[in-house]
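S.K.: Below is the structure I would like to discuss, written out as structure tokens.
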Amino acid sequence: MLFLSDDSMENFIKEVLSASNRGVSAAKNVSGEPNWSFGQSLFFACTVITTIGYGHVTPLSQEGKLFCMLYALFGIPLTLVLLTALVDRLMIPTTKYLHFLNSRLGHLYPPFTIRLLHFGTILCTLIFLFLLLPAAMFTHLEPEWNYMDSLYYCFISLTTIGLGDYIPGDAPDQKYRPLYKLMITGYLVVGLVCVMLTLSIYYDIRQLNFGVLFMLENDETRSIDPEKMHLQEPGTNRTKYTNEKDSPTSLEDTTPIHSIP
């Protein structure tokens with residue numbers, strides 16, 4: 001029987017951890033791909049600029065650390081601009097869906113109820129598409145994950161918490177690792193856009209936006225919905241009203257014109 005001293009065991013553990021940081025797995029005596037393959041690097045870049053930051057892969061050289069700081073310094077603001085622009089584009093079809101619900105149900109329910117129905121349907125759809133369905137797929141693709149682990153990973157990632165305790169595609173015998181990492185990167189980007197879209201729709205419901213309680217009167221006048229400002233611009237309305245009695249009483253009222261008595 002072979003006995004190791006405490007110092008030898010400590011040095012052995014340090015070597016294993018150092019090798020793991022460089023992409024060498026000690027499990028099953030299998031050496032995986034390097035941590036800086038194209039798929040791994042793209043996945044790492046996505047987690048940096050989206051502020052998820054799992055922390056399972058980190059730059060070791062001084063040059064790599066400097067580049068990572070500069071990359072995050074410029075990449076994070078540009079990524080936020082890109083995600084915001086995508087959310088603005090997605091607000092167009094969601095607003096059309098709100099108008100559709102309003103035209104069908106505006107004579108039966110108040111505007112607040114219609115907005116809750118609009119928000120609820122979109123929220124449930126996105127939860128199914130970006131939490132429940134991906135969790136089922138990760139359960140099938142990751143041999144050591146159950147459904148709860150997969151659902152936990154999806155939630156932690158899309159909320160940009162990024163604890164790093166569960167990382168897909170890091171199994172020693174993972175097949176098609178670069179392609180797998182590329183698909184996960186796309187899932188994270190699209191998922192973050194949908195999370196921001198959900199928050200934007202939620203903030204549009206004034207009765208549920210508790211931030212209004214902390215706003216001053218000047219802030220309330222400045223934070224006007226761009227769509228409402230567009231409606232107020234001359235020449236943008238399709239219907240011109242001859243007097244105030246023919247027009248809707250308030251821009252907050254989303255009841256269809258044909259259903260207003």
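The backbone N, Cα and C atoms fix where each Cβ goes, glycine too.
These came from TrEMBL, pasted as-is:
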COMPBIAS  248-261  compositional bias 'Polar residues'
DOMAIN    34-90  domain 'Potassium channel'
DOMAIN    127-201  domain 'Potassium channel'
CARBOHYD  Asn29  N-linked glycosylation site
REGION    225-261  region 'Disordered'
TRANSMEM  38-57  transmembrane segment
TRANSMEM  69-92  transmembrane segment
TRANSMEM  112-138  transmembrane segment
TRANSMEM  150-167  transmembrane segment
TRANSMEM  179-203  transmembrane segment
S.K.: Using a Cβ cut-off under 8 Å, which residues of the same chain at least 6 positions beyond either end of the transmembrane segment (38-57) come close to it?
M.R.: 23, 68, 71-72, 75-76, 78-79, 157, 160-164, 167, 169-170, 177-182, 184-185, 188-189, 192
S.K.: Find the member of 69-92, 112-138, 179-203 that has more C-beta pairs under 8 Å to the transmembrane segment (150-167) than any other listed stretch.
M.R.: 112-138
S.K.: Treating G and I as helix alongside H, and B as strand alongside E, what does DSSP give for the domain 'Potassium channel' (127-201) in helix, strand and coil?
M.R.: 52 helix, 0 strand, 23 coil
S.K.: So, by DSSP, how many helix, strand and coil residues make up the domain 'Potassium channel' (34-90)?
M.R.: 41 helix, 0 strand, 16 coil
S.K.: For the domain 'Potassium channel' (127-201), provide the mean pLDDT of the predicted model.
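M.R.: Here the mean pLDDT over the domain 'Potassium channel' (127-201) amounts to 92.
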S.K.: Looking only at residues six or more beyond either end of the transmembrane segment (179-203), which have a C-beta under 8 A from one in the stretch?
M.R.: 39-40, 42-43, 46-47, 50, 52, 83-84, 86-87, 90-91, 94, 118-119, 122-123, 126, 129-130, 134, 141, 154, 157-160, 168-169, 209, 211
